[in-house]
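*Asks:* Pulled these from TrEMBL:
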type: DOMAIN; residues: 97-253; note: domain 'Sodium/calcium exchanger membrane region'
type: DOMAIN; residues: 284-425; note: domain 'Sodium/calcium exchanger membrane region'
type: TRANSMEM; residues: 62-87; note: transmembrane segment
type: TRANSMEM; residues: 93-110; note: transmembrane segment
type: TRANSMEM; residues: 131-150; note: transmembrane segment
type: TRANSMEM; residues: 162-185; note: transmembrane segment
type: TRANSMEM; residues: 197-216; note: transmembrane segment
type: TRANSMEM; residues: 236-255; note: transmembrane segment
type: TRANSMEM; residues: 276-297; note: transmembrane segment
type: TRANSMEM; residues: 317-339; note: transmembrane segment
type: TRANSMEM; residues: 351-374; note: transmembrane segment
type: TRANSMEM; residues: 380-401; note: transmembrane segment
type: TRANSMEM; residues: 408-428; note: transmembrane segment
Amino acid sequence: MEPAGEFYRMENGGDQSKKAAMGKESWNNGIRTAQNMSNSLLRKKSDPLLVSKLRFQMLRQFLANLQEVILGTKLAVLFPAIPLAIAADFYNFGRHWIFALSLLGLTPLAERVSFLTEQIAYYTGPTVGGLLNATCGNATELIIALFALYRSKIHVLKYSLLGSILSNLLLVLGSSLLCGGLANLKKEQRYDRKQADVNSSLLLLGLLCHMLPLMSRYAAAPGVLIADSTLQLSRASSILMLVAYIGYIIFQLKTHRQIFDSRQEDEEEEEEEEKAVIGFWSAFSWLVGMTLIIALLSEYVVGTIEAASESWGISVTFISIILIPIVGNAAEHAGAIIFAYKNKLDISLGVALGSATQISMFAVPLCVVVGWIMRVRMDLDFSLLETASLALTILVVAFTLQDGTSHYMKGIVLCLCYTAIAACFFVHKIPAPLDQTNVKLGLKPSTGISA
């Protein structure tokens, strides 16, 4: 790795070995999250000797970073979907093709964002690195949600975030338990219940905040318009959820971080992969650039989802709740299954429960607050069917994880629950309510919500 060390020194203006040693010690001391370890399984080792013989130093550094960032993942074959999506939009190809190509292009970008935040964390220390990963862990879903909020497509926003929670709790966790159980039939698979209990408590708190606006709407007297009071209740609940999430971050990164330490049974095998491979400013620049590309593709996804629905004959509900979360988080999901296959269930649970908690307690209330600032009527009322699906999912997962052991039958149950919910949203085409999609504060809604 000597040629890589030359790039480190030139880019960071200091001794590479000192920075790498300090970064490795701080980042690996309990802050390397399950999501990072999950995505790391899809990375490839690059050979710095391929670019070390070039004469020009700046060109050599750029090509070395390009090799690590673009070609350093097994999902690099999907990168051509990004320029194809841009070309499809420029030449006015079918809008359903723009949607499909954009969705495929988001898959490697999500994994690369995780890689780049991990690289930055080697230089910023454990606290800043942990906060960065907590914020960017579900950057793709959050950016898609913010673009849907900007376009006042509240139904797409709610469905996509709900789908991310359901996908993590049922599909990812269920597939992990199923594959892990089948691969370890002669072993008893165990995991630490403490992490699952913390995440389950937060998910139940988020569920309560979702149910209160819904119950208020159904409890109101006939003929009473409660849209404004429901909106105010949602905003107050969202602030409480964000406060709870901040407490969760402090709990995870500072006071009780030993609970969330990912178990690594073979540290020597992962030694090479745990070293920083690019400098701080390169990682930061690539992170900004990829975030902008994610924003562009997210705008394509939000803008063409109705056209894709009409072209494919599939409801917007099903695409938002099922297809977008599956494709958008494919890299992280695959990593969770591989770790379960290796009998490392703590990491798999950290991926599934951690992502679901982040979406429920951070992304959803953040969209409500941002909508408040933008004067868009975004609330926590996800309607009866969606909220009931979320409630039953959280209860099933909580009961499944209560004993600290696992087998393939638990995975089968969770996967079948996800299949049943997917079938429900496939056949039940829910119309988007007018007062939630196009109405902003300051504009009088055409119809009110009454009990």
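Every residue gets a Cβ built from N, Cα and C, even glycine.
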*Asks:* Would you say the transmembrane segment (236-255) and the transmembrane segment (162-185) are touching, if the rule is that at least three C-beta pairs must lie under 8 angstroms and be 6 or more residues apart?
*Replies:* no
*Asks:* Considering only the recorded stretches 93-110, 197-216, 351-374, 380-401, state which has the highest number of Cβ pairs under 8 Å to the transmembrane segment (236-255).
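*Replies:* Answer is 351-374, with the largest number of Cβ pairs below 8 Å.
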*Asks:* Are the transmembrane segment (93-110) and the transmembrane segment (380-401) close, by which I mean at least 3 Cβ pairs under 8 Å that are 6+ residues apart in sequence?
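*Replies:* Counting Cβ pairs under 8 Å, fewer than 3, so no.
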*Asks:* Could you name the stretch, out of 197-216, 317-339, 380-401, 408-428, with the greatest number of CB pairs under 8 A to the transmembrane segment (351-374)?
*Replies:* 197-216
*Asks:* Tally the residues of the domain 'Sodium/calcium exchanger membrane region' (284-425) by DSSP class, grouping H, G and I as helix, E and B as strand, and everything else as coil.
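*Replies:* Grouping H, G, I as helix and E, B as strand yields 119 helix, 3 strand, 20 coil.
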*Asks:* Please identify the stretch among 317-339, 380-401, 408-428 with the greatest number of Cβ pairs below 8 Å relative to the transmembrane segment (197-216).
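*Replies:* Looking at each of 317-339, 380-401, 408-428 in turn, the most contacts to the transmembrane segment (197-216) are made by 380-401.
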*Asks:* Is the transmembrane segment (317-339) packed against any residues at least 6 beyond its ends, judged by a Cβ distance under 8 Å, and which are they?
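*Replies:* Counting only partners 6 or more residues beyond its ends, the transmembrane segment (317-339) has Cβ contacts under 8 Å with 34-35, 37-42, 73, 75, 103-104, 106-108, 110-111, 114, 138, 140-141, 144, 155-156, 159-160, 162-164, 166-168, 171-173, 175-176, 179-180, 301, 305, 308-309, 345, 347-348, 351-352, 355, 422, 425-426, 428-430.
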